[in-house]
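Colleague: Annotations for this protein, taken from TrEMBL, read as follows:
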DOMAIN    50-88  domain 'NADH-Ubiquinone oxidoreductase (complex I) chain 5 N-terminal'
DOMAIN    113-386  domain 'NADH:quinone oxidoreductase/Mrp antiporter transmembrane'
DOMAIN    599-664  domain 'MrpA C-terminal/MbhD'
DOMAIN    675-760  domain 'MrpA C-terminal/MbhE'
DOMAIN    783-898  domain 'Na+/H+ antiporter MnhB subunit-related protein'
REGION    906-937  region 'Disordered'
TRANSMEM  118-137  transmembrane segment
TRANSMEM  149-168  transmembrane segment
TRANSMEM  254-274  transmembrane segment
TRANSMEM  307-331  transmembrane segment
TRANSMEM  352-371  transmembrane segment
TRANSMEM  488-514  transmembrane segment
TRANSMEM  562-580  transmembrane segment
TRANSMEM  617-635  transmembrane segment
TRANSMEM  641-662  transmembrane segment
TRANSMEM  734-752  transmembrane segment
TRANSMEM  808-828  transmembrane segment
TRANSMEM  840-862  transmembrane segment
Amino acid sequence: MAFGIAAISPLLARVMGRDAGWPLAAMLGGLALYIWFAVPVDTVSTTPWMPALGVELRLSLDPLARVFTMIVLGIGAIVMAYSSRYLGRGGGHGGYYGLMTLFAASMLGLVLADDVVLLFVAWEFTTLCSFFLITLAGPKGTQPAVRTLLVTVAGGLCLLTAAALMVVRTGTTVLSDILTDPVWSADPGFAAVIAVLIAMAAFTKSAQFPFQAWLPDAMVAATPVSAYLHAAAMVKAGIYLLLRFSEALHDVPVWNLLLITCGMTTAVLGAVFAMQRDDLKELLAYSTISQLGFLVATIGVGTPAAMVAAIVHTIAHALFKSSLFMFVGVVDQQTGTRAMSGLPRLYRIMPGTAIGVGLAAASMAGLPPLLGFVSKEWMFKSMLDAPGAAWTGPALGALAVFAATFTFAYSARFLLGGFVTHGPPARPGPEPVHSTPETIEAPHASFFLPAALPAVLGLVLGLTGFLLEPAVAAAARASIGEGYETDLGLWHGFAPELFMSMVVITFGIVLVLVRHPVDRFLDRELAPITGVATVDALRRWVIAGGARVGDVTRTDRISRHVWAVLLVLVALAAVGVATVRPDPEVGSPVRVEDWIVVVLLVVGTAAMVVSRSRLGAVANVGIVGFAMALWFFTLGAVDVALTQLLVEVLTVVVIVLVLQRLPRAFHTVSRSRTLLSAAIAIVVGLASGAAVWAMTGRRELSDVGRYFLDNAEEDTGGINVVNTVLVDYRALDTLGELTVLGVAGLAVILALHARRALPRREVPLAVPADSPLLSAGDNGVFLRTFARILGPLIVLLSLYFLVRGHNAPGGGFNSALIGGAGIAIYYLRAPSDEAARIRVPYVAVIAAGVIIGVVTGLAGFVDGSFLLPLHAYLGDVHLTTALVFDVGVYLAVLGVIMAAIDKLGGDDRSDETTGDSEPTGDDQPTVDTADNREVQA
């Protein structure tokens, strides 16, 4: 349902403009209410996805997922409503609304995922969505978006590695089963490795030291994007991941050490850096880093009380931080600046906004009776009770008080500097657009209320904490597997955490009173290098390292590219021959056709080796190829033989088109080079021959082969087993090959556009000046007549082979090769290159083929799985979407063939795009009558 909302949001934005935020808010809010009231807790939904791998679209609404679902959808609905007034009145908001709702859907998939593969896919969706949302800021957002992508993708790789290790070790992809597997206690080493990988993934997403640089850098994004990403969505993905895996890792020492150390370091550094900011949005960015550090450290404590504290503070942070970000947008829109140094006393002009900011800032500072006070007290309590040495709790408590004191100070800085008065800022900001109170107006209620709603909810839930107790207690139990008595009231007696809060408030007030000296003290660079500079340096090093690796094969010498492939081929052949069991058997008796194939292979290979002419070598290679096709025919592999035959025909055409631009003969090489090439050829030939002998000498049928033969017709409705394997059983492989083929076609086009092809080689013909050979039109009479008759027949034959492929030799690939042969005839019959130019948009044909393949795969979800063929009957005629998929294969292959023939065989049209090509000669041959009437063709 969430992805459905994301799908229609661009259309709504196109019709309604910025007002599309209202219906989208209603949809997200309605979905949240439906899940809360109508979907029972612990509901599990499964849909087959990759059954052969045991991977399912498995969603589970346990109590922890339920809390995060409400945060994602609730804050998402509020931000959508806010966006309807924040955005400009013009159009062009479809991309924004589409990405924001897709982000919400991805986050929903992440928190509901009960399959580690689905968890990783949703995780990467959030990464990509955040990248594109930041790029919406225009040129200024490009570099921050790239830096954000690099950091978060690194975390995604850590998560992928952890997922692969867990699946291999536990034998399942079901997340709930993995987390309860006995391997965590039985193998501490494995648990430690997974703990490090999961922590690194979460740290990159939740901006923890040393990966915190991307979050302030991403402040170039629109304010609603920041309100959603940095309050409810992206940064909470890391927090959710840590909470989810706490059940298995909460007592792993390296987990506790990493989370507590990095979390508290981040909390302190973020709070100090926030005190330096003059820009309200930047201040909130660093405060977010600090608050996330608190959360990570609390989760690292690993006790049931710590889980309660983390969940309550996650809710509180989502409320006050989303409210503050949206209020920054209100201030920016109404005044033209976010710099505290350029703002007048806004509490007089926008009193409602000032009150809303005051509530949210008070919750962030941890003041009663806000929910932030409740969560802060719980965090203090959990840190004081942290397991470990006797000094662990007091040390953590002292660090927490220190960071919380700065939290109080920067919260007051935000409120006073933005709405009351702040005096000279530590870092002066830009000049405001509206600098006088007379030009500033209070925001409209429809703009103000969405921003104020989370702040008010923070107050309401702070006063009525008992409303949250059941959900929080259940979520904490789901995250760690242990229950804990949860009391979210404001008063718990004169407990240690109360005195810690009093210390924070006291010293926080002191910092506010001496804010000017503090500003002057902080007006300096606190670190020798910035996080952004570090990320940029790492990116440069990675690119430079990639260039160095690429230098190994960055050459036009084919031998440099081929040697690695040949080496791997020899190794695989050796392994295969050594491991194939039972040993190959020689069939008997030897047939006459076998000797014919052997003779053709020997003659063709020998002739090719000694040939000095490129054209002669091509002809001899063709003999070898046709001999292989004949061998396949004799073995009964009609589909494979047909493919080999058609590929040989088209390969000859393409190679001849290339040869017309190359010298007639091979260049002379040294004797040592010849001997080395011969040695390599002998080794590779022996290895390949041994592999063929080992495989073709097997007389038993494999289990997989037997299954296909026995079940293909029942499973797929087709009796051509080869085709059913390609488009039914292994359609995902075929789709991948189809995509690679399309990319190869595009590469041919781009390569020949980017670099001018070699000029055609001029071939002298000793003929009279009035010879018919000089007329391209006369030369092509026979071929044009031949093509006029056979052309339509070849097209019909191509379509016939396409349709019958499920039940007889044929299919999308073979039929496209037949069609390609027709295109080759069309090219060869033309009197000139310009006349032969293919007018069909072959790039669109390639794209259409790939798109049809993907859409057909998506249609398989109707029956439960991607690329699962759908079947129907029209009378006695069997219909299947596998045929539609084959049409996609047909179009993609045909498009690539058209691209190759048109680009390699056309006239030198690179000058049309590059502007630097020189004519290589006239289209028509010329005659030099003064020199024995030799014709230069």
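The backbone N, Cα and C atoms fix where each Cβ goes, and this holds for glycine too.
Please go over these features one by one and say how buried each is and what sits next to it.
Modeller: Long-range contacts of the domain 'NADH-Ubiquinone oxidoreductase (complex I) chain 5 N-terminal' (50-88) within the same chain, counting only residues at least 6 positions beyond its ends with a Cβ under 8 Å from a Cβ of the stretch, are 2, 18-22, 24-26, 28-29, 31-32, 35-36, 39-44, 96-97, 100-101, 104, 107-109, 111-115, 117-118, 172-176, 222-224, 227-228, 231-233, 236, 240, 243-244, 311, 314-315, 318-319, 322, 326, 329, 333, 444, 446-447, 450-451, 453-454, 471-472, 474-475, 477-479, 865-866.
Mean pLDDT for the domain 'MrpA C-terminal/MbhD' (599-664) in the predicted structure: 84.
Panel annotation: around the transmembrane segment (149-168), residues 116-117, 119-120, 123-124, 127, 130-131, 178, 190, 193-194, 197-198, 200-205, 211, 213-214, 238, 241, 535, 538-539 of the same chain, lying at least six beyond its termini, place a Cβ under 8 Å from a Cβ of the stretch.
Same-chain residues lying 6+ beyond the ends of the transmembrane segment (562-580) with a Cβ under 8 Å from its Cβ atoms: 553, 680, 683-684, 687-688, 690-691, 693-695, 698.
Taking Cβ pairs closer than 8 Å, the transmembrane segment (617-635) reaches residues 591, 593-594, 596-597, 600-601, 603-605, 607-608, 611, 641-642, 644-645, 647-648, 651-652, 655-656, 659, 666, 696 in its own chain, all 6 or more past its ends.
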Colleague: Counting Cβ pairs under 8 Å that sit 6 or more residues apart, are there three or more between the transmembrane segment (734-752) and the transmembrane segment (118-137)?
Modeller: no
Colleague: Mind checking which residues of the chain, 6+ beyond the ends of the transmembrane segment (808-828), have their Cβ under 8 Å from one of its Cβ atoms?
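Modeller: Same-chain residues near the transmembrane segment (808-828) but 6 or more away: 638-639, 642-643, 646-647, 649-650, 653, 720, 722-723, 726-727, 783, 786-787, 790-791, 794-795, 797-802, 836, 838, 885-894, 897-898, 901-902, 905.
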Colleague: Quick one: DSSP breakdown of the domain 'Na+/H+ antiporter MnhB subunit-related protein' (783-898) into helix, strand and coil?
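Modeller: Helix (H, G, I), strand (E, B), coil: 84 helix, 8 strand, 24 coil.
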